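Colleague: Residues or ranges marked as ATP binding site in TrEMBL: Gly106, Glu107, Ser108, Gly109, Ala110, Gly111, Lys112, Thr113. Here TrEMBL flags 680-707 as coiled coil. As annotated by TrEMBL, domain 'MyTH4' applies to 797-1029. Positions annotated as domain 'SH3' by TrEMBL: 1338-1404.
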Amino acid sequence: MAKLRLMHPTSIEGVDDMIKLGDLSEAGMLRNLLVRHKQGIIYTYIGSVLVAVNPYQVLPIYTTDQVHLYHGRKLGELPPHIFAIADKCYFNMRRNQCNQCCIISGESGAGKTESTKLVLQFLAAVSGQHSWIEQQIIQANPVLEAFGNAKTIRNDNSSRFGKYVEIFFNKDGAIEGAHMEQYLLEKSRVCYQGDHLICDGRDDADEFRRIRAALKILAFSEKDCWEIFKLLAAILHMGNVDFEGYDCSLKNFMEVQYSSMNSSVVDKVHLDKSLTYRSLMTNREKVSKPLGPEQATDTRDAFAKAMYGRLFVWLFKRMNSTIHKQQTNDALNIGLLDIFGFENFKKNSFEQLCINYANEQLQQFFVSHIFKLEQEECKNEDISWKRITFKDNQKTLNLLAVEPLSILALIDEESHFPKGTDATLLNKMNQIHNNKNEPFISPKSNHSLHFGIQHFAGAVYYECEGFLEKNRDALSMDLMDLIQKSSNKLLQQIFASEQANKLNQIIRTPGNSLRVFDRELCIQQLRYSGVVETIRIREAGFPIRHTFEEFMQRYRVLLKTIDCDPNTETAAHCCEAICKAMIKDKDDWKIGKTKVFLKIKQGFLRLQSKVRSRQLHMQYKRSRAAAITLQSQVRGYLARKDLNSKKEAVLLLQAQTRGLLARKKLKKMKTDAYLTAREREEQELAARELQQRLEEVLRKNEAAARSQSEGDEEMVENIFGFLPSTIGGQEGQAPEGFEDFEADPMKLEDAEIIESPVTEIKEAPFQQDIIEEEEIDDFSFSKFASMHFQGSSMPSHIQQRLRQPLLHHEDEGDALACLTVWWIILRFMGDLPEPKQERVSAVADPIQRNLGQRQARRLSSIVGLDQRFLRKKMKPQKGLGTGRRKPSAIPEEEPEDQPTTKVMPVHEEEDVLFGEGPTFDRPMTPLEKLHIIVGYAIVRQDIREEIYCQICKQLTDNKSQKSTNRGWVLLSICLGIFPPTERLTMYLRSFIRHGPSEYSSNCAEKLRRTLANGERKEPPCWIELQSVETKNPMKVIVGLMDGKSINLHVDSAFTSREVCDAITQKNNLKDTYGFSLYAAINEKMWSLGSGGQHILDAVSMCEQEERRQGREEQHAPWRFYFRKEIFTPWHDCSFDLISTELIYRQIIRGLKHGDYLSEKEDDYVQLAAKHYYVQHGSESSVENAQEVVRDCMNMSMIENMSTAKLVQMVHSAHTQGSYINSVTPVENVKAEVVEYARQTWTIYFSKLFETYRIAGLPLLQDQFVVVVNWKGVSFQVGKEAAFLVLSYPEVLKIEMQSEDKSGGNVCLTTPRGEYELKVVKAKELVELVNLFLVGLKLRSMYAVAIQDFTRQEDPTVLSFRKGDLLYIIKDGEYDPEEGWIKARNERTVQIGAVSLNGIQILPILNKPTEETLNLLNLNQARRKSIAPIMPQMEVLGTEKLTLATLKEFSSEFFRPAGKEGGRRGGAKEKLWALSKEPLKQPLLRSLQGKSDLSHLACDCFTDILHIGPVEYGEGLAAVVAVLWSFPSRSIFTETRSAILGVQTQRDTGPCLSTENASHAQVESLKSEEYFFDNLRLLTDVVKKAKKAKESTAAIVPYLVIFMRKLWFNVIPGKDLTADLNFHFPQELPKYLRGYHSMSKEDTISLAGLLFRARADTDRSQFVMIPKMLKDLVPADQQQMMSAEDWKKHIINAYNKQAGLTIDESKVQFLKVISQWPTFGCAFFEVKQTSERSYPNVIMISISKQGVSLIDPKTKEVLVMLPFNKITSWSSGKTYFHMTIGSLVQGTTLLCETSMGHRISDLLSSYKDMYLNERKMVLPRNQKFF
């Protein structure tokens, strides 16, 4: 009973290799084939064995694309395919230089014949020669199928014979010939004629034409074909001979009845006698015996089978003589065996016994090869392997043929007995082999003629009837005499000799086929082919084996050098280390003596997965890089597109605005022109009255203002009455390290403010401080409200809540936020009362929550990166305690025991932003309300316009003076924080202008300043509120490093640039670059730079930090300081003594407070000694030293070393210093200190930028900091040293690619490649680096030549080579702006003028080092030429390479030297020196022991000795003479590149051809071969032929022709030289031969052009037109008209084309014919007989579109064949063959032509071009189903 079990997962979807099946039972294998069969997949692997299921349909998987796809791929890399097996054989043959074999076996209908043909066609395709011998081998199959195949019930083209084909290859892998053998031909089918069997889909007539064509290709003449068909007809007719017997006079007589018989083969009378009588030889005479009907029938059948068998053998011999050539000893071959599979029918006869015996032999070989040899090899390699039992069929072979009394021996013996019968044969077999425990199965009864044999595939029962007759298969003497007397020579020839069939033993590759998937039949065939046993042994053993070297080459990447170093360990140990690391189970791999053994399922798959994972990772990285490139390109394109659209919109708006202003101005001019004097007087009077009224109103307003000033002040006090009255920067204690600044009363100096340049605003026409009255009316707030307010909202004051915002908002959150802000504005202005009691709220701090937790941020997270980064880099001094740098001591995280506020991303509370939750429904102070309103504007930029509209609405028609004053205060504060939108700006200006005078001017100024300097990022600070209270400008104090302070008047929009400009102007600084404004609070300090950062934002951040610490923000102890931040590369301390003084004081202060640290104590002492000299000069005292120690030494150093010791060290250094006895100025000493700090503490004078790598060259870290200082650019992470340092000469280019709110993308280009970086403050980084690069180039004195330049005739011009170093001389003789400078070549020491286009100025101040020049890709020769005059410097990280001589090379790689002449005592051979004696051993050590290569190496040396210099000289001179004979010099240049084997450009497409002068044969040279190799290949053939005839050395003359071969991208007129020298001379002959189809008008027009090209303007040549007609008109068109008519029409066309030159006429001729589809085609007129629908003579046209077949008479295109439809082609001496369609069922075109080689070469060139283009597009792993 069958058992049910769960199906293994691998059997559900199927696997392509059945070794991978988890369930290796018969059911599992059958299931796998069924699943793949349903998926339409017919091929399945079993390791290197291929199982094929016949689909009984043509699948699109046998095209040339599939051939190229599988060629050169490893087995298993692509899905299973017959091409993969064929390529494996071909690859192994070429790689291992070993013959290969492939067996194709299966039952009838399995597809053996088709598989054989596919393998042959694949080998012919990959051979790539398109030779005639390849086509002959392929065409041999159709002929053999026609004579040896039959139509059966199961197969319409069943092979009834077996064949073995050997294909021979040369050393280059090209097919050179083949040899075929046949065996086991089934001849019984020709003995009788059945009904004609018709099969759908097959056309017998068409196939007969193919057979005729194939016979022609195989060199069978028409006479040979006729003789074959006659004999074949006689064989077939023989089956129609019947015999009737009768009794006459007690004697048996018989009459022969012929239904049809061909008497041209044998005589009918002799045939009658031979069939009805049998002659016997007695001792004395010859006796004839009449035969009965049955005996005569047997004789007839024997005669028919004999003729058929001999004819079939003769065909094999004839074809072998055609396709087989004598092979050399080193020739390789691939054998294909097409054989019957194991057969077991209901009725089995002698044929089945022979077939099964052959399969038993193959199975035995298979067993010995796969099973026994597997175990034997493991034994030789010392691999312990469990012995596997298998079915050994040796007993069956012994029974059949090996033993003396075997079955086949008994059959032969019994056949020689005259009275032997099938029954006697069976009795003998039963007597001998019964009861011997053999595979023989005795008959069931004595009367039965059956016996059985237990084969490897199962028991088979045979019928003995006919065994002896079929075995004899001999002809009687009468029939042999009949053959001798026959007049048919072919009949006599085929019986002349006989050969035994040969059976070869080769490797098995089985295939099975089923039309319908019959499980029972399929599993039976699997058993017969031994597939089950194959899978079992493959799985149990170690099928994957590699030598140690091969294994290391494949899997070296998986080896860890810590486990095993391949440089010191053996290959075996390294292989073992890889297997131990990668494969967990030790049973899955073994290490032998010379090989590594792996199992497929575990070990090998594990290694495969590792390697493939690495490959996939690399592929992912490449795909990601490509995706990033595409994204960047697309984003760039979209950004440019958006910019262009915005530009167009701006231009349109500007045009409309200018037009409006112009029309107004024109209207005013017209009005002024036509006003009368009276009108002018009236207007002047009205103006005076208006002025008087305005003055009266102003007086009243002033009086009212004075009366209400006390009320206003009281109102403001109610809002901000608790504000202190202080100067900014004086509250609280000074930051750590700056307490001494405020120890004494501060000395303040006022400074004037220098505003930054106002940012250009798009409304440029309206940026006027005074706006005319008419223009003011156009921008009134009421007008804006009518255009933009939604619903029924009015621009007037109200005291109620809004139901919807004033303006439309897309975002719902913005709309709800607007309603909340409106509620707060009403409460701030007093239009709504405050809530009476506080409601319970979950939010503790509403202001903080309103700002979206902005105020909960740590100050350390928002201050400068430089200070945070430098604090991390601080290290304690050795022996000096921990250093302290107070300005950078910003804590990154709070102590664990201290409560901290978790900083979350900026977002707003739902009840705050999206409604009126309990957060705001409580009493609040005006300050809280102000922070809420401004906080919303900072967080949500889209509601800023709404906030301004709400404030303006409440200020319009407001009757409450208190509410109005509060509203203007709110508007003033908002204007100092954020600007309005573009569309509101002019309306807001107009609104402010019409406001109260005490507020309008202040608000207008704030609006102007905010628009100029941009928006703020933080809410208002306390000093801003104080300024609103007092209506006075704000004041801040900025401290200088020399102890002075400056008092600055600032406003809300003040930036660090304006502060720095004011300070530099106040102190008269000249060297201003690098000074920045610093903000400090407590122990924190960070740089605000000298750019556009708002200083009050820093103040606001300090106040927020105080609030976070739980202190009152109004008392925040913030300070501003003016310090040096970065040096320029060209910094000069002597240029500005004031700036040097400030830097010096900054350095001394830094030393005291631990800002600048050094590893050596002596550095501090020496700096203190210099400060001693600066302060006290040469005076020496202990008191002064103590003062200096207090000024310079930090406390940690004093505590560790004691003050007394430091005082002694400083005093000693001062007294021993060089300044005591010298008169060195103090300024010089200060400069030395500054320069020391600049050189030593570069990192503390740098700018840092947070960066993330997004693409480009790989780096150690993807997230890092870019450090920019005067030395260059470096990449650094945390406390670690910089992992990449770039000097400025290494920075070729830096540019912005894109910019957003978070920063921007920067592309940094270096000699090593590019880096794409995402940088915070990217714009500042790019500007800084470009500033240094430009400044260095302006000051540089050195340049490098980037191209060669040779002095022509001007002696003032300097000559130089690429890579030369040039010294720039700046004497004013040349102006660089004109593109020329004066320079000295450091290599030649010559001076002259140099063009800036040919050099690259180095951004460097000193002479470049050798390392710098190496980075600029200078070659070795240039470096050597300038090395002597360069300073000797050690190049780090580079290894100097020295040239090696042959003598040095020989000591490492040559074999050991012997004695000269082989005699004792002689000197050693100098293998590296000149020798005139032939070599007996190769020079290289690696060739020793390799006899074949050693012999070749010695022969090569002998050939070198015999070469003379004269041969080369003459040959080269001849080539140069030929090439110089071309008419154009430019052609010679292109030809020279082609001689060197360089392919020319695709749009030119020239080709070198060689024309044999004696035979006028043109051959195309191969583009991939060298020129002289091409000549040798083409001339050797002619030389050999001549030498054979003349028995002397032959000289072959040749001519090199340069012409266009491939016609694509040819546009007449684009290249005049090509048109005149190539296109016109090549196209004109084709036109005159009549290859093109054209109209009469075109013919006349072209004739006129051709006449003009010949006669130019010479009209006297008109009379010669009739004689010149053949040179003007195509041959087939000349009969269209008479010569005189042609003359008239040509003259008329000539006159119409007047004005054209000869060259223009030729080009115009090309332009006309280029419009025809046949332009550029190559035409070949051929004769064809293979396609009955085509005429016998056709024209083949080849162009870039494909191949066209044309009717030469009608010029009609019969068919157009693209190149991808042409499967194969080949050419012979008189034939050309082409296959169209797939490799299985393609159409054949056989043509008779002597130009076949040219057609084949042209097809190959076009197709190779398209294949090369396609390889660059198609993915490597593309599948075909």
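Glycine too: its Cβ is placed from the backbone N, Cα and C atoms.
Keep in mind that what you see is a predicted model, and the values were worked out from it rather than measured.
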Colleague: Count the Cβ atoms, other than its own, that fall within 10 Å of the Cβ of Gly106 (ATP binding site), considering every protein chain shown.
Modeller: 24
Colleague: Just to verify: the residue among Gly109, Gly111 with the fewest other Cβ atoms within 10 Å, which of the binding-site residues is it?
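Modeller: Candidates: the binding-site residues Gly109, Gly111. Fewest Cβ atoms within 10 Å: Gly109.
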Colleague: Run through the Cβ atoms and count how many others sit within 10 Å of the one on Ser108 (ATP binding site).
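Modeller: That number is 17.
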Colleague: When DSSP states are grouped into helix, strand and coil, how many residues of the domain 'SH3' (1338-1404) land in each?
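Modeller: With helix first, then strand, then coil, the domain 'SH3' (1338-1404) has 8 helix, 26 strand, 33 coil.
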Colleague: Give me the count of other Cβ atoms within 10 A of the Cβ belonging to Ala110 (ATP binding site).
Modeller: 25
Colleague: What are the non-local neighbours of Thr113 (ATP binding site), defined as same-chain residues 6+ apart in sequence with CB under 8 A from its CB?
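Modeller: Those within reach of Thr113 (ATP binding site), by Cβ under 8 Å and sequence separation of 6 or more, are Asn141, Glu145, Asn149, Asn157, Ser159, Asp338.
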Colleague: Using a 10 Å cut-off, grab the number of neighbouring Cβ atoms around the Cβ of Lys112 (ATP binding site), all chains included.
Modeller: 28
Colleague: Determine the Cβ neighbour count for Glu107 (ATP binding site): the number of other Cβ atoms within 10 Å of its Cβ.
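Modeller: Step by step: centre on the Cβ of Glu107 (ATP binding site), count other Cβ atoms within 10 Å, giving 24.
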Colleague: The coiled coil (680-707): mean pLDDT?
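Modeller: Mean pLDDT across the coiled coil (680-707) comes out at 75.
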